[in-house]
Amino acid sequence: MLTLARQQQRQNIRWLLCLSVLMLLALLLSLCAGEQWISPGDWFTPRGELFVWQIRLPRTLAVLLVGAALAISGAVMQALFENPLAEPGLLGVSNGAGVGLIAAVLLGQGQLPNWALGLCAIAGALIITLILLRFARRHLSTSRLLLAGVALGIICSALMTWAIYFSTSVDLRQLMYWMMGGFGGVDWRQSWLMLALIPVLLWICCQSRPMNMLALGEISARQLGLPLWFWRNVLVAATGWMVGVSVALAGAIGFIGLVIPHILRLCGLTDHRVLLPGCALAGASALLLADIVARLALAAAELPIGVVTATLGAPVFIWLLLKAGR
C-alpha cells in the first residue's frame, strides 16, 4: 500500500513537471511568434523592446492567467456540483459579465475607457454570483443551485441577444468580437485586471482538502465535518470573481474550463492537491497555444480565440472519451 502511494506521488510530480515545462515552452513561443519572429537573442534590441516587452508580453501574461483561471474554475465547479459537464459558463457568471460589459458599451456609446468596461464586466459577474449566493442561503441542494445557474445564464444570453439587435453597426462589431473572445486589445493598461486574478488563483490552489471532500459528494462531505454551506458560498464567489475578471480581459472563451479538468482526470490526476495546480498549468498552456494559432492562422486578420479553442480541443476531447470508454 505504501509502495503504491509512493508510486502515485512520483507520477503526480512527473505530471506537474511535464506541465510546467509545457507552459514555459508555450510562454517562450508566444513571445517569439507573430508577424515577425523575434528570437530570445533579439529581445533586448530596440525592435525586441517594442514588440516583445510592450506588445507581446502583456498579452501573453493575460492569456496565461485567463487560461489558468478558467481551468481552475472548471475544476472547482465540477467538484462542487458533482457534474463533469460543469464549467464557468454553466452558472451564468460568464453571461452575467457579458451583460455588464454590453450594457457599458451601449450606454456609453463606445466612449468608455477600457478600465470602465472591465469594472462593468466584473460587476455583472458579481451580481449573478450574489444572486446565486442568495439561492444558496436557502440551503438549496446542489442540483437545484445548478439549475438556478443555468436559468440565469439563459436569461443573460437573451439580454445579450436583444442588445445586439438594438446596437449600432460600430457597437455591433465590438460586441460580436467580444462574444467570440480575443486578446487583441490587451496591453499594460489592463495590468490591474491581471493582478486581480493572482491572489484568488493562489488561494484556490491551496484549498485541496475541502475540494477533495466536496468531490466525494454532499453527504460524505458533511460526515467528514466540512461546513458545506460556507465552502459552497466561498467557492462560488471566488469562481465568480475569476470568471468576471477573465471576461473583462478577453471576452467569452469556452471549452477550457470544461475540458482541461476532465482531460487531467482521465490521465489519473484525481487528487485536488495535484489537479488544481495541474489545471492552472494545463489551462495556461492550452490557451497560450490557441492564442498563437489565432494570431498566425490568417495573414491579414486575427481569429477569435474562442473559435480556435473549440476547433482544436473538441476532437481531442472526443478521442480521450472514446479511449477512456474502452
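Including glycine, each Cβ sits where the backbone N, Cα and C put it.
Now, the feature entries from Swiss-Prot:
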- 1-10: topological domain 'Cytoplasmic' (TOPO_DOM)
- 36-56: topological domain 'Periplasmic' (TOPO_DOM)
- 82-92: topological domain 'Cytoplasmic' (TOPO_DOM)
- 108-113: topological domain 'Periplasmic' (TOPO_DOM)
- 167-190: topological domain 'Periplasmic' (TOPO_DOM)
- 207-228: topological domain 'Cytoplasmic' (TOPO_DOM)
- 250-257: topological domain 'Periplasmic' (TOPO_DOM)
- 268-274: topological domain 'Cytoplasmic' (TOPO_DOM)
- 297-304: topological domain 'Periplasmic' (TOPO_DOM)
- 11-35: transmembrane segment (TRANSMEM)
- 57-81: transmembrane segment (TRANSMEM)
- 93-107: transmembrane segment (TRANSMEM)
- 114-138: transmembrane segment (TRANSMEM)
- 142-166: transmembrane segment (TRANSMEM)
- 191-206: transmembrane segment (TRANSMEM)
- 229-249: transmembrane segment (TRANSMEM)
- 258-267: transmembrane segment (TRANSMEM)
- 275-296: transmembrane segment (TRANSMEM)
- 305-324: transmembrane segment (TRANSMEM)
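Of the candidate ranges 11-35, 93-107, 229-249, 275-296, 229-249 contributes the most Cβ pairs within a distance under 8 Å of the transmembrane segment (114-138). When the topological domain 'Periplasmic' (297-304) is classified with DSSP, helix, strand and coil residues number 0 helix, 0 strand, 8 coil. Below 8 angstroms of C-beta separation, residues 70, 73-74, 128, 132, 142, 146, 149-156, 215, 217-218, 236, 239-240, 242-243, 246, 252, 254, 257-258, 262, 265 of the same chain, each at least six residues beyond the ends of the topological domain 'Cytoplasmic' (82-92), sit close to that stretch.
Taking Cβ pairs closer than 8 Å, the transmembrane segment (93-107) reaches residues 116-117, 120-125, 127-129, 132, 149, 152-153, 156-157, 159-160, 163, 166-167, 171, 174-175, 178-179, 239-240, 243-244, 247-248, 251-252 in its own chain, all 6 or more past its ends. Below 8 A, the CB atoms of the transmembrane segment (229-249) and the transmembrane segment (275-296) form no more than two pairs separated by six or more positions in the chain, fewer than 3 in all. Listed by sequence, the residues of this chain that lie at least six past the ends of the topological domain 'Periplasmic' (36-56) yet keep a Cβ under 8 A from its Cβ atoms are 28, 30, 187-188. Using DSSP to sort the residues of the topological domain 'Cytoplasmic' (268-274) gives these counts of helix, strand and coil: 3 helix, 0 strand, 4 coil. Between the transmembrane segment (11-35) and the listed ranges 57-81, 142-166, 191-206, 258-267, 275-296, the one holding the most Cβ pairs under 8 Å is 275-296. When each of the listed stretches 57-81, 191-206, 258-267, 275-296 is scored by C-beta pairs under 8 angstroms to the transmembrane segment (142-166), 57-81 comes out highest. Proximity of distant same-chain residues to the topological domain 'Periplasmic' (297-304), defined by a Cβ-Cβ separation under 8 Å and at least 6 residues beyond the stretch ends, is recorded for 177, 180-182, 184. As a summary of secondary structure, the topological domain 'Cytoplasmic' (1-10) carries 9 helix, 0 strand, 1 coil according to DSSP. Counting only same-chain residues 6+ beyond the ends of the topological domain 'Cytoplasmic' (1-10), none has a CB under 8 A from a CB of the stretch. Residues 15-16, 19-20, 22-23, 26-27, 29-30, 33-34, 59-60, 63-72, 74-75, 182-183, 201, 204-205, 207-208, 211, 253, 256-257, 260-261, 263-265, 269, 302-305, 307-309, 312-313 of the same chain lie 6+ residues outside the transmembrane segment (275-296) yet bring a C-beta within less than 8 angstroms of a C-beta in it.
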